[in-house]
Amino acid sequence: MPSQSRSRDRYGRDSDRDRSRVQPRRRYHVSEDDDDDDDFDDNPRDRRYRRDGYRRAPVDSRAYDSHDDYEVVDVEEEPRRYRSDTERRRERARASPGTSPRKRERTRDSGGGHRRRRTEESDGSQAPQAHRDRRSRTRRDRGLDDEDLEDAARRLRRRERERERERRAETSKHKSTDSSNSSAGLLNANALAKLRAQHEELDRQEQRRAEKEAKAERKRRRKRPAVEGQMRTLDPFPDEVPRGQSKGRIVSGAYLEEGRAPDMEVRLRGGGRGPPRERRWEKDSDGSAPLTPFWKRKKWWWIGAIVLVIVVIIIVVAVVVSNNKKSDSDSDSDSNSGSSDSWGGDKSSLNGLDHDSIPKSAQGTVLDPWTWYETTDFNVTYTDETVGGLSVMGLNSTWDDSVAPNENVPPLNKPFPYGSQPIRGVNIGGLLSLEPFITPSLFEGYSSDVVDEYTLTTKLGDNAARKLEEHYATFITEQDFADMAEAGIDHVRIPFSYWAVNPREDEPYVAKISWRYLLRVIEYCRKYGLRVNLDPHGMPGSQNGMNHSGRQGSIRWLNGDDGDTYAQRSLEFHEKISKFFAQDRYKNIITIYGLINEPYMLSLDVEKVLNWTVTAAELVQKNGITAKIAFHDGFLNLSKWKTMLKNGPSNLLLDTHQYTIYNVAQIVLNHTAKVNFVCNDWVGMIGEINSTSEGWGPTICGEFTQADTDCAKNLNNVGRGTRWEGTYSEGDSTMYCPTAEQRTCSCTEANADPSEYSDDYKLFLKTYAEAQMYAFEQAQGWFYWTWHTESAPQWSYKTGWKNGFMPAKAYNPDYKCGDDIPSFGNLPEYY
């Protein structure tokens, strides 16, 4: 445990502090007979005081000093003795076994340094004076007065005397022949080894402390003014600042930046004696915290500025979006606007109505007329009434079935004479069930992956509903139905798909909007006396894997692991629509009720398809459907149907679709041969299948075309080539046309604008269409595919009718099979 004298020295309270400040320089020598080692303290914590208050001189020994008697030598009066005694002490310290080799080397070097310094002093060098000047500046810089310095010097001298006495005591013990001393040396060997280790650890700690204090001292010096004497001021800023240099930045020393120069002229940019920087530097002035470099502070300023800009942008965007939503809401609620925004057609029927008449729960849904593309010919009075789970919103409460399309057909409220009078009808394909070749514009501008309604609506995402509703409202209008009646048409086949009624939430199709347009189309047919054939064109899972089923690719309806699930969903679809169309308002107009379009029975299990057909027919009849039930031949040879479903439900119609362009044996026939083929082959085939005794029974042709090439864009799927020009299959350039051997087959003329068609070409097209009409009228009649297209004129009944290559009246053709085939003049065979 430290003695009280050491404690007083540690805290600077020794009585020597009161002595006179003018004293001769003295050194204290320990008596030679002092060998007291009771002062040894092996506890490092008790010795820690030796380095808390000051740094040890490099020549100090780590041995402990004694507090026994010592003699005083006046170094000014006896300098020679002082020097000789000092040298002898250093020699004894080097020879002491308690001194480490590294310590001996340092002592030797240090002693040499002292000798060199004394030599320089004796030679009258200026080094001592310079040394004193440096010490004076250091004392002044640290704020130490003379009294503190003298006090520190006394403590330093006392420590040196005590250490020297301990070294002499250790040396005396090891040199003595006295047994007690020898045994004490042996007994204390472990203590000496431990002492050496402690000395080395203290050396390392002192070195680290010295480095730390030196670093702190350098930092303090950087913060002190570099200019002494005459005060300096900053130069004024130039009128023109060099390019790239900041006008507001001041580069100066720490003294000027602190603003303590009385004559300093400085612009305020954080400089001067401003509180923020002053507090920062006052904290740093004691070495307790490093000064953050300017570039790091600048970096944080930049980060803060960027974060602020981002926050501002987010706020602005949020405000704009909020305002847009509010604007849309305000527009929707404007009862006198007649429309929700600039999108859409005629909404004049909303004029004078209050949007609040629509319940909040229905606003923004398919039941809200303010969200519709147009309100033309819709009843906009809100109702949540449903039939079969399907909404009647948009329907008028009254109807008129007294209209006939022409004088040859009875009005709607009179039975149509099926079997004795042929059906002359058209399809409105591509309206409610999209097909890429009918409306290629809807599929343009995308990658080849957009090939059907499924992929198109997936691509359109949230925009799909608006895009498709605009198509529903504009592709075929009321005028089209008026034209149909004018052209002698009496039936309309309406393709639509299951997503008009019950799509799944995970399917991308536009749900239920097409249902409202289906109801409007039926009302247009009613208005012009046109009877309706309902055609479910796309069914859950796809019944044929073709693009017009909604999803091109795999057949999952009645096929695969989920085949039965999809079949059940299709029955649920019929459960709903059969109940709805069993209402009295539809009994006169919907005279043919289709079950499913073109199930691909060449791949499907025929027995499963037949069983499903029976189940579906019985279901819809049970729900009140009295119309004829149409089912498709599944692409099977018609002769196979002579024995299938003969004993099925009553009132069934077999639906067959006949095209020559998909049969490579028929597409290669020349113009005249094609007319002959229809009259010679199809007339007999259709007549036979329509007979209950020789064929199946009542048969209709639900689809056919006058086109004798497959040249229409996207007809064979999006982006695929044609058989006609030999581009249908990759790696196979075989052409299928009458001039294939000459390789002159061309699609250019067939795809040209109808105004460019020659009279001979128009005559052929008209004759070819009328021959097919005649063949199908040998059964129950026909439905042309289709009424309207964007750019495939030979597939558009309307285009042919308006351009002279369809009969002016469907019921009054110019050609019948059995008539002489007219001459087509010089019509080339390559188109």
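Keep in mind that glycine also has a Cβ here, set from the backbone N, Cα and C atoms.
The annotation compositional bias 'Basic and acidic residues' is assigned in Swiss-Prot to 1-21 (among others).
Here Swiss-Prot flags 1-300 as topological domain 'Cytoplasmic'.
Sequence annotations record features per position, and here Swiss-Prot assigns compositional bias 'Acidic residues' to 32-41.
Swiss-Prot lists 42-70 (among others) with the feature compositional bias 'Basic and acidic residues'.
Feature annotation from Swiss-Prot assigns compositional bias 'Basic and acidic residues' to 78-94 (among others).
Under the heading compositional bias 'Basic and acidic residues', Swiss-Prot lists 151-177 (among others).
Taken from Swiss-Prot, the feature compositional bias 'Low complexity' applies to 178-195 (among others).
Residues annotated as compositional bias 'Basic and acidic residues' in Swiss-Prot: 197-216 (among others). Note on the compositional bias 'Basic and acidic residues' (197-216): DSSP counts are 20 helix, 0 strand, 0 coil.
Per Swiss-Prot, the feature compositional bias 'Basic and acidic residues' maps to 275-286 (among others).
What Swiss-Prot lists as topological domain 'Extracellular' is 322-831.
Look at Swiss-Prot and you will find 334-350 (among others) tagged as compositional bias 'Low complexity'.
Just so you know, the Cβ of Asn379 (N-linked glycosylation site) picks up 15 other Cβ atoms within 10 Å once every protein chain is counted. The N-linked glycosylation site feature in Swiss-Prot is assigned to Asn379 (among others).
Marked as N-linked glycosylation site by Swiss-Prot on the basis of sequence analysis: Asn396 (among others). Following the DSSP three-state reduction, the secondary structure of Asn396 (N-linked glycosylation site) is coil. Sequence-distant contacts of Asn396 (N-linked glycosylation site), defined as residues of its own chain at least six apart whose C-beta falls under 8 angstroms from its C-beta, comprise Asn379, Glu523.
Annotation for Asn547 (N-linked glycosylation site): same-chain Cβ neighbours under 8 Å, separated by at least 6 residues, are Glu435, Pro436, Val451, Asp452, Glu453, Asn717, Val718. Reduced to three states, the DSSP call for Asn547 (N-linked glycosylation site) is helix. As annotated by Swiss-Prot, N-linked glycosylation site applies to Asn547 (among others).
Taking the Cβ of Glu598 (active site, proton donor) as centre and 10 Å as the limit, one finds 20 other Cβ atoms among all the protein chains shown. Annotation note: Glu598 (active site, proton donor) sits in a coil segment as assigned by DSSP. The active site, proton donor annotation in Swiss-Prot covers Glu598.
Around the Cβ of Asn611 (N-linked glycosylation site), the same chain contributes no residue under 8 angstroms that is 6 or more positions distant in sequence. Sequence annotations record features per position, and here Swiss-Prot assigns N-linked glycosylation site to Asn611 (among others).
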Inset, instruction - Determine the most Cβ-crowded residue among the glycosylation sites Asn637, Asn670, Asn690, using a 10 Å radius around each Cβ and all protein chains in the structure. - result: Asn690
Inset, instruction - Select the closest residue to Glu703 (active site, nucleophile) from the following recorded positions, measuring between CA atoms: Glu598, Asn637, Asn690. - result: Glu598
Legend entry - Secondary-structure category, per DSSP, in which Glu703 (active site, nucleophile) falls: strand
Legend entry - Cβ neighbours of Glu703 (active site, nucleophile) where a neighbour is any other Cβ within 10 Å: 23
Inset, instruction - Can you figure out which of Glu598, Asn637, Asn690 (the recorded positions) comes closest in space to Asn670 (N-linked glycosylation site), comparing Cα atoms? - result: Asn637
Legend entry - Per DSSP, three-state class assigned to Asn690 (N-linked glycosylation site): coil
Inset, instruction - Express the distance between the Cα positions of Asn637 (N-linked glycosylation site) and Glu598 (active site, proton donor) as a whole number of Å. - result: 13
Inset, instruction - Round to a whole number and give the Cα-to-Cα distance in Å for the pair Glu598 (active site, proton donor) and Asn690 (N-linked glycosylation site). - result: 19
